[in-house]
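*Asks:* One structure, pasted below without further comment.
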Amino acid sequence: MASSSNHPTFPTRPYTTGLSRAGASTSAQQSTFNTPAGFGTAATSTQQHREAQRIERERAERAERERVERAGQNQLAELSEEQREEINEAFALFDLDKDGHIDYHELKVAMKALGFDLPKQEILSILQTHGVPAATPPPNNSKSKSSQPQSAFPTPPRLLLPLQAFQTLMAGRILARDPTEEILRAFDLFDEGGKGKISLQDLRRVARELGEGLQEEELVAMIEEFDMDGDGAISKEEFVAICLGG
């Protein structure tokens, strides 16, 4: 019997080598398409540019806050003691949780109490420029977390205005206000019912509320001294002239 080693050798299949070469070529092409030249470098450069813009924007906002605060401190010193107390009282009245900060709604009513009725957009602008982020509340327990759907997007922080920023902002606005407006606000406090005049009865009420022990004769003399048209009351024009020393 002939040995098996004498069997002829099978020829090499040409398609096997061709498939291997084709597969290698395809892999090389896929590798080239999956990693375009320069893509990673461009993405990194864009990210660095955005980060630099963010840092510069925050630096500019911080510098503006510091500038306004310095100017506000100087303006605060120009106010009378009574005006400073009025600002602090308005803040304390509407700082409902007494944490030294007020939110959007508290800021709006506090400014209105001081005679500044601002639109929503201006209030938001004040908070964006001078506000600080509210403290993040502690996370809930795991049970409550699993029962509530989680938002796919982070919630922007709520902004609060601290007392010092409120003081400096209000000082600037009060000093820039027309003194006639301040006088007319005081007139409205006297003029109960919006009659357009301050009567003897109004003077009695205000004197009683302020705890002033004025006699009836003194109140009558005040009306008579400043009642230019002799109608027994003080008009807005007469009141403004009194306060401005006219």
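Cβ atoms are placed via backbone N, Cα and C, with glycine included.
Per TrEMBL, the feature compositional bias 'Polar residues' maps to 1-35. Taken from TrEMBL, the feature compositional bias 'Basic and acidic residues' applies to 48-70. What TrEMBL lists as domain 'EF-hand' is 82-117, 178-213, 214-246. Positions annotated as compositional bias 'Low complexity' by TrEMBL: 141-151.
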*Asks:* Which residue counts does DSSP yield for the domain 'EF-hand' (214-246) in the helix, strand and coil classes, in that order?
*Replies:* 19 helix, 2 strand, 12 coil
*Asks:* Which sequence-distant residues neighbour the domain 'EF-hand' (178-213)? Criterion: at least 6 residues beyond either end, Cβ under 8 Å.
*Replies:* 115, 219-220, 222-223, 231-236, 239-240, 243-244
*Asks:* DSSP-wise, what's the residue breakdown of the domain 'EF-hand' (82-117) into helix, strand and coil?
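*Replies:* Here the numbers are 23 helix, 2 strand, 11 coil.
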*Asks:* Residue list, the domain 'EF-hand' (82-117) vs rest of chain: Cβ under 8 Å, 6 or more residues beyond ends.
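*Replies:* Distal contacts: 76, 123-124, 126-127, 132, 134, 158-163, 166-167, 170-171, 173-174, 177, 181-182, 185.
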